[in-house]
């Protein structure tokens, strides 16, 4: 903090709250205990800031002040115990470990896996039963998700939303990663992780404001593993700058391997978004019969690393298409504007399992069905690409929604009173009772855990 401000700082270590008695200055400065943060507060506002934390039963202690001498100074027991230039601490040489692109990446091509879809309805049911896609209620129903009655969107949506008491605001929160993508292309997989998190946030009508990450990799002393780590972080960094979400904290877990085989590179991203008003919150469920259903974003035949590839082959292979990050961000910005302008009744991001899965999910927990037409082969209903959404719009808002979206929105059909999902593609039709696919979605993970 001092370095980025071009300033200095003096800290009184006697004021730092301690969990143990007789901690040394060395221990106080290097301890990595969790959930501690430093704020720089305008002089004269200390008591007001303290009161905010007191109201939440949290400590807030003044431990020092900013100086203009560009020195980092520490006092303890009334004595100066450290006095060093700030830039001496922050400008250390950067360690560059050796890195080598893994052979599997060198040899991979973007030639796409071609899924076998002879019975699209059966494929949809199989996808909805996959642990990656199926309802996680078997896990989260064991935990209290309504603490103090502040939860607005509970688990099962694109992101959880919790109101900020005493204000009109709310916070949207999500965590995301698909390690199959980072295994096939660490850089693009890193990009995709943060884009997917942002998709989930904007789908609720919130603006992404910051992220934390958890970098889970194998042994970085292996040049191929270090390559995966470096490339994943580079991908996250690029997208974080484009969508203006600073990485405000993080965690690193390395050396994750069994019998010499490393885990898939897994740079998990947690993201927070801000609702300035709870009136702007949007959920994934269809709201009324007669609403128009749109696909927002570009639907491409993209199957490498997809859920359907893994389901049908037991593995993933191939390279990923490059991502136009600026375009992806522009699509998300339009989705956010549509939500905050109340042009839409529901928004759901399209992720694992593609459009077919997402179209099913917006009907779960409702009395409705949908009749949709896809101007493509049925296999494309299971394609996965970033920044795609399925959106429902009331007929009265159709014109303003289409004007906002332009070429990004494709009309698919409408929500119906008949609780059946009908998806007509160029070569096949899915025609299935919503209750049938919903039971697959709700029950499969619980059954697999028995």
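Each Cβ is built from the backbone N, Cα and C atoms, and glycine gets one as well.
TrEMBL entries are annotated by machine, without manual review.
According to TrEMBL:
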BINDING   32, 33, 34, 253  substrate binding site
BINDING   213, 250  ATP binding site
BINDING   251  Mg(2+) binding site
DOMAIN    1-75  domain 'PurM-like C-terminal'
DOMAIN    156-274  domain 'PurM-like N-terminal'
DOMAIN    288-424  domain 'PurM-like C-terminal'
Structural state of residue 32 (substrate binding site), classified by DSSP into three states:
coil
Show me the subset of 32, 33, 34, 253 whose Cα is within 10 Å of residue 213 (ATP binding site); these are the binding-site residues I mean.
none
If you measure residue 33 (substrate binding site) to residue 250 (ATP binding site) at Cα, how many Å is it?
14
Local Cβ density at residue 34 (substrate binding site) - other Cβ atoms counted within 10 Å:
5
Compute the C-alpha separation of residue 250 (ATP binding site) from residue 34 (substrate binding site), stating it in Å without decimals.
11
Considering every residue in the domain 'PurM-like C-terminal' (1-75), what is the mean pLDDT value?
92
Taking only the Cα atoms, work out how far residue 32 (substrate binding site) lies from the residue listed as 'Mg(2+) binding site', in Å, as a whole number.
11
How long is the line from the C-alpha of residue 34 (substrate binding site) to the C-alpha of residue 251 (Mg(2+) binding site), rounded to the nearest angstrom?
11
Excluding near sequence neighbours, so keeping only residues 6 or more apart in the same chain, what lies with its CB under 8 A of the residue listed as 'Mg(2+) binding site'?
212, 213, 214, 215
